[in-house]
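K.L.:
Once you've had a glance at the structure underneath, I'll fire off some questions.
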Amino acid sequence: VLSKETDMSIRQVERWFRIRRNQHRTPVFKKYLDSSWRGVFYFVIFWYGLYLHLDKPWFYDTLYMWKGWPHHHVSEDIYWYYMVEGAFYISLLFSLFTDHKRKDFSQMVIHHVATLLLMMLSWISNFVRVGTLVLVIHDAVDSWMEFGKVAKYLGYDRVCEVFFYIFMLVWIITRMIIFPFRIIRSTLFEALGEDCLNDATVGWLTMYSVYNMLLCVLQVLHIIWFYYICLVAKDAFKGQVQKDSRSSLESESESDGEKSQGSTENNGRSKKEQAVSSVNGVIRTRAKPAS
């Protein structure tokens, strides 16, 4: 029908709708740039954070996160590490509203807000030793995810698969084993065993409870994302890995957008008339120079 009303071939009408649809997509080059700088930051900040903790006793024994609390001195290197990480997560939170829309948008907002609240509470209540370990654990996995996206955008599918396997392995070790069984276990049980919450510190009980709740919120998100990772891993064994866990959500979001856009364009006479008017406008615009 559109072909007859606009004097265009069916192929030209299809091409016009394809161009119009792609105008709402985020360019691959922009995704490549976003993933590149985030991947480099995560990689550098992880190894820097790991280096800072090599001489810290609580890195090897979590009991030292609570011995002597709340009278823990914050060294200058830990201070700047915390400030840089805090600024980075603030930028990530704002970028969620400016970057391309993701299907896991709500989970990412919850994750970044919970992380920033954890950093703020740990700074106020001097749980900095816990906070630094949480940051190192989280930064360990994110660089592999971003590098996998970069490989996908460049068309290196085999490299993307390698990064995905590394990403999945590191995720299991850090977020499914170390984080719940060392960090959360320590905050729930070792803190009480060290008699940190005594009569002198009873005023911090509410903040301590909120802190533990936020750590558990992060772990719930880890489990949800791990479910998506397992779905991608299932395809990986079939030789279909071209996406990492959360970039697959982005792709699904785009495809959902295309479907909804297509259904809107075909829904009702008024929508069709708008499309005809738009196509005719393009034809007239192109026809003017020729006349």
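For all residues, glycine too, the Cβ spot is worked out from N, Cα and C.
TrEMBL lists these features:
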- 1-27: domain 'Homeobox' (DOMAIN)
- 3-28: DNA-binding region (DNA_BIND)
- 30-238: domain 'TLC' (DOMAIN)
- 40-59: transmembrane segment (TRANSMEM)
- 79-97: transmembrane segment (TRANSMEM)
- 162-184: transmembrane segment (TRANSMEM)
- 205-228: transmembrane segment (TRANSMEM)
- 245-291: region 'Disordered' (REGION)
K.L.:
Average the pLDDT scores across the domain 'TLC' (30-238) and report the rounded value.
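P.N.:
Across the residues of the domain 'TLC' (30-238) the model's pLDDT averages 89 on the 0 to 100 scale.
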K.L.:
Which residues of the chain, 6 or more past the ends of the transmembrane segment (40-59), have a CB below 8 A from one of its CBs?
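P.N.:
Beyond its ends, the transmembrane segment (40-59) has Cβ neighbours at 65, 77-78, 81, 84-85, 88, 129, 132-133, 135-136, 139-140, 142-143, 146-147.
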